[in-house]
């Protein structure tokens, strides 16, 4: 993981806790050490720039407040029992000066020095400055004297400004730091830890990076309490996984729509909806990998679809639009009106806009099934539509884009400029971007109805586009992907080179800071959005090069779904590239592989079996959850302690363990690693880590649970108890946990 992600999970260094400094300073620098051996004299305190001089009472509090002491030399002075603080009443000749303190030499001052101080205090401020400069120049030949002066002056300029500033100002300063620097600063001391973990601070950091609040469960729920900091950590983790992690051994393949083309695809993280020219739609569960519903009713191929949390809207060659209940699969409304194929849909709230080959655009209410408006004006088939709640934008084969006010059924702009059919549109409420068969991409102002930029560079049809802010990503049939700035009209990157797609790009999507592109060559590729660099292939079909093609892709931050099939009908291609949905990767392992109830049943069964064979397992039940404990002392007089605890974040069992000497001192991670024979074939920091026990809140070593789901998938068809024992036998033996063969016998 990147340094930023690692830094976020770090806790403050307990060895630098302020309580330790308090103890040192309170033992040596207390008010009882104030000396009055020099009545009638006062020493001028060196002031920090921009600070008023402190009174005697304020100076004592400041000097003895350990949380304000940042300089090691000052700490050493405070720790010395020979240190004294000289105070005195003001001199009649220094009425403009306030009382102050200083650190005198360890031996009593001579009368000559005291007289010199009287003379110094009687000087004007200008003379004092000159005298000080002369003193320093005089000492310039003696390094020891200069060092002594430096050590005396430095502490007054080294203040804990984060602690001294009002909290609002401290947060304002910290918000300009990069997140990894804020995370490192939180390890300075306890007060900095509290300030650097402020919710408002991390909210500002996330907003600056345009990172949304993660409301769903993440793998960092147990490690980070601050919800905005947790969202940032999750975001950085996802970026790392997209770029570096290997895919699961085999993608989850959802087989359906055999021998028919998948024409549309929707994905919300939990469900996948696929439409096909076999006249049906299918609803797939990501958790189970099974088809929950097959929606039958259309009399022609399904060409477009949209979905909400409750409803699915589909358009077909049978000239109708159907509204389906996503839970029951029941068709709630059939929307009649179009006289030809419904080619495109755009959904906003309860309103859906449809475009058809009959050259009309229609507006419907999907809750009531009512047709609200019909927008006429195009002279050829409408190929694409967008709707933002105010404007409807439609692109057609008549080479034009039209902007409508649907409530008035009025066309406010007809955007002309393309010389061939318009195939794709994106609309952000301010800019319209259109792609055409004339190889051009045009950027329009929706209010003025004028063309702002003409983006040239592609050599064929632009098949897909996505707009994020002022950054546009376009995929083209010329096998390239381009990244543009629509404000300047410049092409920032062309994603090509030796790793480019071998044929037409079928779809593009932006996820996090990456571009995901699918191609007619049967691959899905990952690119860096900021640099345009190729990162890796996410998918490579077995039928690549023999007709295999990835038609559509849909991504969330944590998963990628693609629809794959064949462009020809040869038997060999059909065998390897039938129409399927591929759930390529589950980046956060959010699938529930073992529920809490199943875990509790497994540990109860193991404990009962342990009692029967007189093994050492103990079942402990607390208000925070139940867990198993196993401990023993080996022949080297080392005590081994193992805990099996449930992780709600990963939804899998987790093995915690500690190894200690008989005096209670724990072994370090390096010492623990040396005990295991697998160290030559594994990476230590990718296998074992140390973290707080989720129930006991004490430090324990733990085997990373991120691969547990893959282990359990190897016995997916087995009962839960056997899955649990299979996991325990693999994970346990890797860290020296003895497991009797009797547990494998029912």
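Backbone N, Cα and C define each Cβ position, glycine as well.
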*Would you please say which range out of 25-52, 53-80, 81-108 has the annotation region 'Disordered' in TrEMBL?*
81-108
*Per TrEMBL record, range annotated region 'Disordered' [choices 1-23, 116-138]*: 1-23
*Please average pLDDT over the repeat 'WD' (375-404) for the predicted structure.*
94
*Sequence-remote partners of the repeat 'WD' (375-404) [C-beta within less than 8 Å, at least six residues beyond its ends]*: 340, 343-349, 351, 353-363, 410-416, 418-429, 432, 434, 436, 444, 446, 449
*Which residues, given as numbers and ranges, are at least 6 beyond the ends of the repeat 'WD' (455-494) yet have a Cβ under 8 Å from it?*
423-426, 428, 431, 433, 435-437, 439-443, 500-510, 515, 517, 519, 527, 529, 531-532
*What does DSSP give as the helix, strand and coil breakdown of the domain 'F-box' (159-205)?*
33 helix, 0 strand, 14 coil
